Amino acid sequence: MYRLIQNGQLLIDDQLVKRDIAIDEKGRITAIEAQITPTDEPTETIFDAQGALVSAGLIDGHVHFRDPGFTDKETLQTGSQAAAHGGYTSVIAMPNLNPVPDNLSDFKTLVARNQTETSVHTYQFAPITGDLVNNDLVDMPAFKAAGAAGFTNDGHGVQDAQTMYLAMQQAAAIDAPIVAHVEDISLVNGGVIHDGAAAKRLNVPGIPSVSESAQVARDIELARATGVHYHICHISTKETVALVRRAKADGVNITCEVTPHHLLLDDRSIISDDTMLKMNPPLRTLADRQSLWAGLMDGTIDVIATDHAPHTAAEKSQSLLQAPFGIVGSETAFSLLYTHLVVNGPFSLAQLLAKMTTVPAQVFNLPAAGQLRVGDQADIAVFNLTQPTTIQATDFQSKGHNTPFIGETVLGGTELTLVAGQVAYQRSK
């Protein structure tokens, strides 16, 4: 446990300013000052940040820890260690597990395991319906009382409008968000990548943009009618951005997220049968990606979430038609985004950090997270903004190495992550 972080750079009023941070034995921040003189207490341990960025720990509203049911892909331990490696101190896990925690007993067990078996604060979404695919709603008030951060069938869109309408009514009544994977399965037609030039060239079925935007349009009207907080997962199309922008202007209680891979890649990258580029929703067109950047800049898109989705090497070694959707992202998100959006792009560091700290804390109602404040628990990430590093699978804490970004050189690697003052990750020297 570190009791003092010295020589850090905090972002204050869009400027990096030298600050020291003192932490007490309970893991709470006791002082943030230009200079804090170390005491002579033998329990005090000092971390010299050496001019690195010291930030509030990042918040990821969309991770898949695969535990229980798919522990060959990930476990609570490895998934949370991967999050800590990426500078995340709070995450919200998806319920597409085996068994699906759609009964109160299983859900309570999972919440308890999240609290005792993970390296970071791990919150849990509950399913909207039984088994994620039927039309029987879970007991939302009971699940919220048991700790549900919201309700989602992630991995599946809610296909029946009446089911979604009733779910939104119940969620609105208990002030809980509906977190939607938006996908009209009747329009997907077995697609594996975006329905565009790459799909035609590779002769594989494509997923049309309207499979996303059609369900978004439906759900916006249901959200308007019910007043629920409606949050859209991993948006990918320019049509969705336009729909969300219009809905926000109309006063609909709507938020949304975008992933790093949808910001950084498009379907021009798919030149072969490369399953590291297979995810759901798929990589769309350059025009879609440009719209995502614009939406992130103007506030239409609220937060960045990784959709960290580990799979085994054997699964991802199959063809595009057979391999599962998804890539890992927890360990690379900040460094990739800092390098491409800030250093080589139009975003400021303040804008990037807001989308990964303060705004997700607001969107997901985590008032103790997302800021560095005296009296709060010391959830802290330290990033080296000047030293280039190469993304290597051998450095990953996750069981999953399925990412197209292996080998890329980035800035912004994680030096240290503290969760409630305890070391969750520290880079080896």
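The first residue you see is number 1, and the count goes up from there.
Placed from the backbone N, Cα and C atoms, the Cβ positions cover glycine too.
Within its own chain, Asp307 (active site) has His62, Val63, His64, Cys233, His234, Thr259, Met279, Gly326, Gly329 as residues 6 or more apart in sequence whose C-beta sits under 8 angstroms from its own. Residues or ranges marked as active site in Swiss-Prot: Asp307.
Annotated Zn(2+) 1 binding site per Swiss-Prot: His62, His64, Asp154, Asp307, in sequence order, evidence recorded as sequence analysis. Asp154 (Zn(2+) 1 binding site) is surrounded by 21 other CB atoms, counting those within 10 A of its CB over all protein chains shown.
There are 20 other Cβ atoms within 10 Å of the Cβ belonging to Asn280 (substrate binding site). Per Swiss-Prot, the feature substrate binding site maps to His64, Phe65, Arg66, Asn96, Asn280, His311, Phe325, Gly326; the stated evidence is sequence analysis.
The annotation Zn(2+) 2 binding site is assigned in Swiss-Prot to Asp154, His181, His234.
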* Roughly how many angstrom lie between the C-alpha atoms of Arg66 (substrate binding site) and Asp154 (Zn(2+) 1 binding site)? -> 13
* Give me the Cα-Cα distance between Asn280 (substrate binding site) and His181 (Zn(2+) 2 binding site), rounded to a whole Å. => 10
* Which one of these binding-site residues has the most other Cβ atoms within 10 Å of its own Cβ: His181, His234? -> His181
* Where Phe65 (substrate binding site) and His181 (Zn(2+) 2 binding site) are concerned, what is their Cα separation in Å, rounded? -> 17
